[in-house]
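Engineer: Handing you this structure, nothing more for now.
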Amino acid sequence: MKKWALLASVLALGAMSSASQARDLTITSWGGSYQTAQQDIYFKPFSEKVGKPVLDESWDGGYGVLQAKVKAGAPNWDAVQVEAEELALGCDDGIFEMIDWDKMGGEDAFMPAAVSDCGVGTIVWSLALAYDGSKLSDGPKNWADFWDVKKFPGKRALRKGAKYTLEFALLADGVPADELYDVLSTPEGIDRAFAKLDELKPDLVWWESGAQPLQFLASGEVAMAASYNGRITSINKTEGKNFKIVWPGSIYAVDSWVILKDAENKELAQDFIAFASQPENMAKLPEYIAYGLTNKEASSMVPDEYKADVPTTPENLEEALSLNIDFWIDNSEALNQRFNAWLAQ
Amino acid sequence: MTARLGPHLKASALVLPLVLFLALFFVWPIIAMLKQSVSDPVVHNTLSQTSAIAAQWNGKAPVPAALQDALVADIRATTDRQEMGAVVRRLNSAKSGFRTLMRKTRRAIRKTDGPINLGEVDKRWNEVAWWHTIAQASSPYTDRYLLAALDYGRDKHNQIVALPEDASANRTILARTFVISLSVMLSCLAIGLPFAMVIASTSGWLRNVLLAAVLLPLWTSLLVRTTAWFIILQNNGLINSALQALGITDQPIPLIFERTGVIIAMTHVLLPFMVLPIYSVLLSMPGNLMQAASSLGAHPIVAFLKVMLPLSARGIASGSLLVFMSSIGYYITPALIGGPSDQMISSVIAFYATESANWGMAGALGLVLLSITLLLYVVYGRLSAEKKGVA
């Protein structure tokens with residue numbers, strides 16, 4: 001009898017302690033050098049300001065991950081940085097909390113692409129062609145060069161998935177940037193993109209996390225890679241590399257902060273997003289990593305020396321194109337299915 | 001009577017935690033997965049009026065006005081965004097374009113309380129194909145996920161047809177999964193059996209060192225070991241630079257992003273699961289059996305085949321089974337070291353679960369994998385039982 005009483009009290013104690021122990025604010029971002037920068041300029045200062053610990057985790061994306069967390073109830077993440085497609089899907093599906101735009105300083109303080117009911121844009125980033133300037137002195141100029149294995153021998157790395165890959169294939173096939181999504185919206189256009197990919201298939205390597213293309217380029221495993229622009233600039237700075245970015249044909253998109261539906265610290269998460277969106281805090285980012293800023297005032301505060309590497313600088317934008325979110329939320333599943341089947345053959 | 005029941009009760013109370021554990025973490029997830037792969041309730045439950053009318057519709061144009069009105073009424077009645085989200089996800093998964101179509105339609109419906117002409121909201125509603133998709137989704141149970149897991153689908157006449165080869169490659173990937181697992185099993189056996197025999201024949205510190213060589217990797221994280229192999233196998237990695245320095249090859253041998261690399265890395269990771277069962281069986285074998293055989297005039301190879309191999313068969317069988325079953329579910333190693341044609345079925349399951357939130361497809365693929373594995377297990381059970389009978 002005594003034993004049972006003991007067991008019961010242990011169980012009760014356990015239940016009590018887990019109930020009283022609230023989870024700290026948990027923020028999830030993309031890891032790597034980007035998240036290190038965020039820790040310095042957002043997470044730590046915010047934690048000091050509110051006097052509470054802030055936990056941070058990293059993820060590699062995937063709408064299913066967020067949907068499963070919310071569906072299971074009591075998600076263990078509060079604020080998450082998501083890509084534009086995940087923002088649009090989740091906002092439609094109601095898995096994100098609504099943003100209190102008054103807290104964020106009003107919708108007008110941001111560029112239009114950064115404003116949504118469920119998310120606050122935080123960076124503009126590009127997926128661009130990159131190569132090692134110390135190995136290729138006269139490097140590739142566009143995606144057609146990426147496909148030219150005679151002129152530039154060696155393997156190439158692309159981000160695994162249909163998104164971006166099909167766009168790059170069509171650009172390499174000579175489709176003008178302004179007709180790209182019209183072509184991709186037709187069955188013939190999709191066939192054309194896959195046919196172009198067929199040409200390069202034996203020379204392609206696929207990456208899933210943003211650190212991989214840098215690793216491949218550094219080890220000489222690939223001659224060129226599609227990579228996140230910010231990481232290229234960072235590795236040049238921190239490890240003295242001479243990686244080059246080809247801006248024409250790069251595709252840019254906005255990443256946003258969202259709050260998972262019914263997250264435990266949803267109020268604090270709003271405060272955090274507001275903190276991270278303040279111009280004086282956001283303006284510190286380009287010093288660490290070359291992403292464009294969404295807050296107009298923050299953009300204007302960025303010192304000139306960092307502007308050359310940022311996707312939103314007018315010269316870099318000139319021949320770049322914007323990711324078409326509506327196209328991808330409709331076609332993502334079907335095209336990824338086909339992409340996976342194509343990869344497997 | 002009670003005196004007899006007592007010990008039984010106590011004994012069952014002792015295994016109760018195990019039974020509960022198995023039920024909670026093994027049986028229940030499998031049942032949930034089974035259910036997930038055949039149930040398709042979202043459209044039936046949320047668009048209930050539409051489903052009822054769609055069931056009676058003959059599928060011919062023009063789309064009945066009652067069906068259109070029912071859809072508007074259903075969308076208006078659904079206030080839970082997550083519920084509607086599940087419907088949209090389900091429909092868009094069957095026909096691309098439902099996302100933007102439903103978004104536009106919901107916005108139009110929210111603006112007014114009056115009747116709505118769907119064809120004016122978006123001209124896609126005038127096409128029968130979109131309504132066919134809704135009609136096909138309106139039954140609470142479906143075989144579409146199980147069919148799609150085996151590269152089949154239903155056409156517009158509801159007949160089962162093979163999906164085009166460039167749209168779905170699950171069978172190819174399943175076959176590849178078994179080929180890779182089998183290769184890994186065989187190479188583990190080729191290395192593990194002699195190694196286990198060497199360990200069993202040694203003693204003292206040498207045996208400890210040899211055992212540590214097997215056990216230490218087992219205690220290292222899978223990810224760390226895989227990354228280490230990445231560094232060793234790459235074009236200017238250890239192996240290739242050594243080969244080139246020795247003048248054996250001029251060009252680096254492609255090991256990374258190739259099947260060879262995947263099998264090497266997986267063999268290393270899974271080797272302990274082959275060595276340890278064989279070793280434990282060999283330990284229980286008297287050490288002088290081989291000597292006895294040779295004293296009776298058997299050639300060492302004959303002695304090995306007639307004495308050692310049959311006696312260690314139990315260890316070999318359980319080791320092979322352990323390695324084979326573990327490799328079937330491998331994900332990280334092929335993803336990091338393999339090329340696109342080395343990806344195994346778990347990466348496809350992961351795609352449906354984490355990327356597209358299509359739990360039905362993930363469940364169906366899991367179910368197919370489970371059934372094939374069970375089938376293999378039964379065949380294996382039969383074969384090993386027959387062997388015992390002969391022996």
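A Cβ is built for glycine as well, from the same backbone N, Cα and C atoms used for every other residue.
TrEMBL does not curate its annotations; it predicts them automatically.
What TrEMBL records for B:174-380 is domain 'ABC transmembrane type-1'. The annotation transmembrane segment is assigned in TrEMBL to B:12-34, B:178-199, B:205-224, B:262-283, B:321-339, B:359-380.
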Engineer: Within the same chain, where does the transmembrane segment (B:178-199) have neighbours whose Cβ lies under 8 angstroms from its own Cβ atoms, ignoring anything closer than 6 residues to its ends? I mean 6 or more beyond.
Structural biologist: 207, 210-211, 214, 259, 262-263, 266-267, 270-271, 273-276, 278-279, 282, 308, 312, 315-316, 319-320, 323-324, 327-328, 330, 334, 342, 344, 372
Engineer: Short question: most Cβ pairs under 8 Å with the transmembrane segment (B:12-34), which of B:262-283, B:321-339, B:359-380?
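Structural biologist: So the stretch in question is B:359-380.
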Engineer: Restricting to the same chain and to residues at least six past its boundaries, which positions have a Cβ under 8 Å from a Cβ of the transmembrane segment (B:359-380)?
Structural biologist: 30, 33-40, 142, 144-146, 148-150, 170, 174, 177-178, 317, 321, 325, 328, 345, 348-349, 352-353
Engineer: Give residue numbers and ranges for long-range contacts of the transmembrane segment (B:321-339): same chain, 6 or more residues beyond its ends, CB-CB under 8 A.
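Structural biologist: Same-chain contacts beyond the ends: 177-178, 180-182, 184-185, 188-189, 222-223, 226-227, 229-230, 233, 256-259, 261-262, 265-266, 269-270, 273-274, 277, 345-347, 350, 369, 373, 377, 380.
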